[in-house]
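**Q** Would you mind keeping the following structure in view while I ask a few things?
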Amino acid sequence: MFAATPTAAPTLFAATTDAVPAHRVGEVDNRATYISFGLAYALGHGAAAISKGASPLLALPGWVPTTLLGTGLAVGTVYATLAATRAQRGASGPDALSGKLLGASWASAFTALFLAITGLAYTLDMPDLQTMLWPTGSGFVVGLIYLGEGAVRRNLLHYGLGTWLALISTAALFLGAPGLFWVLAIAGGGGYAVASVLEGRRLTALAKQAQR
């Protein structure tokens, strides 16, 4: 008596498909990375701030600030890599590719930074220039990478931290040494500290949204 409606099933299927949100790149818990990088900035650049300049507050061997900074950054990089790897599990083809490209951008960016700083110091015959350009340049590059990661992952906190790092790192150049180290230690380390707290709140909010 009733004629079948062949379009009903496809229509229902289409409506159901449209209701499913597009796959989003896996969320990354950045707290361990933020804490490690924050300690690296506070301790590494802080040690440089108090031990450099015409009237240093404390005499420290030159390797101390470098070791503190390098150790913190190395640990933070490991945490960032592990978190990003976990987030990519189960990601679709385009999202997985985006994650791999973001990971590769770290190597590309710092290789370019090395060439730029080394080339400038060599061409201008000013080897001491590296003392200023490496800490500020590194912060600038990390900030730019955070901008890209935040945009791809739609993470406003990560994007905001990247903006902050890029701005303070370049602005610190106007102060010279040891002023730039104070800026990086306080503003940079402080930025990471604030971000680590807000990251916990962000993840909690996302978990509550997922339960609804």
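A Cβ is built for glycine as well, from the same backbone N, Cα and C atoms used for every other residue.
These came from TrEMBL, pasted as-is:
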type	residues	note
TRANSMEM	62-82	transmembrane segment
TRANSMEM	103-123	transmembrane segment
TRANSMEM	129-147	transmembrane segment
TRANSMEM	156-174	transmembrane segment
TRANSMEM	180-198	transmembrane segment
**Q** Which sequence positions outside the transmembrane segment (103-123), separated from its termini by at least 6 residues, show Cβ-Cβ distances below 8 Å to it?
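**A** Contacts with the transmembrane segment (103-123): 77, 81, 84, 129-130, 133-134, 137-138, 141, 144-145, 148.
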**Q** Which bits of the chain, at least 6 residues beyond where the transmembrane segment (156-174) starts or stops, bring a Cβ under 8 A of a Cβ in it?
**A** 30, 34, 132, 135-140, 142-150, 180, 183-184, 187-188, 191-192, 195, 198-199, 202
